[in-house]
Ligand code: IDP
Ligand code: MG
């Protein structure tokens, strides 16, 4: 089943939104297969945001992402990458849909609460980047038959 990475950024932690956000994903039916807290190093952030390295906000973004620890989650579900991306909302929180995490909790483009994987390739790389093998848990969800139809899994 498809897996996707969610990072709860320092603003989520500072604002006491960690539980609320995890709760949203759990209620949706996404399965938590990895969860940890870490301080993002400069090296890790340079790699993670390499596609933005020439943008004027790059240094500020790294500083913001290392201002306090982050929480890393690995979520599993059918089409989880697209589902989680929709739940996060658009990058500019001021334009994000109401009901999305950014649309409900943020006013900012940069301090926008969560990072979520944007493609299969990104999800695979980000799982490797943020989780050691022993930090990912395969477990059977007892409610799985009530979350999906038999032809959906
Ligand atoms: P995404 O997080 O919605 O996938 P990306 O374009 O991949 O958005 O950008 C990564 C992160 O860089 C954003 O979540 C945001 O924190 C920051 N960022 C993107 N664009 C800007 C900007 O124009 N100004 C400041 N920060 C930005
Ligand atoms: Mg992105």
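Here the Cβ of each residue, glycine as well, is placed from N, Cα and C on the backbone.
TrEMBL lists 1-138 with the feature domain 'Nucleoside diphosphate kinase-like'. The ATP binding site annotation in TrEMBL covers 9, 57, 85, 91, 102, 112. As annotated by TrEMBL, active site, pros-phosphohistidine intermediate applies to 115.
Distribution of TrEMBL features across the structure.
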residue	record	DSSP class
9	ATP binding site	coil
57	ATP binding site	coil
85	ATP binding site	helix
91	ATP binding site	coil
102	ATP binding site	helix
112	ATP binding site	coil
Helix-strand-coil residue split for the domain 'Nucleoside diphosphate kinase-like' (1-138), DSSP-based: 65 helix, 24 strand, 49 coil
C-alpha spacing of the residue listed as 'active site, pros-phosphohistidine intermediate' relative to residue 85 (ATP binding site), in angstrom: 9
Binding-site residues near ligand 1 among 9, 102, 112 (Cβ under 6 Å): 112
Cα separation, the residue listed as 'active site, pros-phosphohistidine intermediate' to residue 9 (ATP binding site) (Å, whole number): 7
Fewest Cβ neighbours within 10 Å, where candidates are the binding-site residues 91, 112: 91
Neighbourhood of residue 102 (ATP binding site), C-beta criterion under 8 angstroms, separation at least six: 88, 89, 90, 91, 93, 96, 112, 113, 114
Stretch-averaged pLDDT - the domain 'Nucleoside diphosphate kinase-like' (1-138): 98
Other C-beta atoms that fall within 10 angstroms of the C-beta of residue 57 (ATP binding site): 12
Which listed residue (9, 85) has most other Cβ within 10 Å, given these are binding-site residues: 9
Neighbour tally for the residue listed as 'active site, pros-phosphohistidine intermediate', based on other Cβ positions within 10 Å of its Cβ: 19
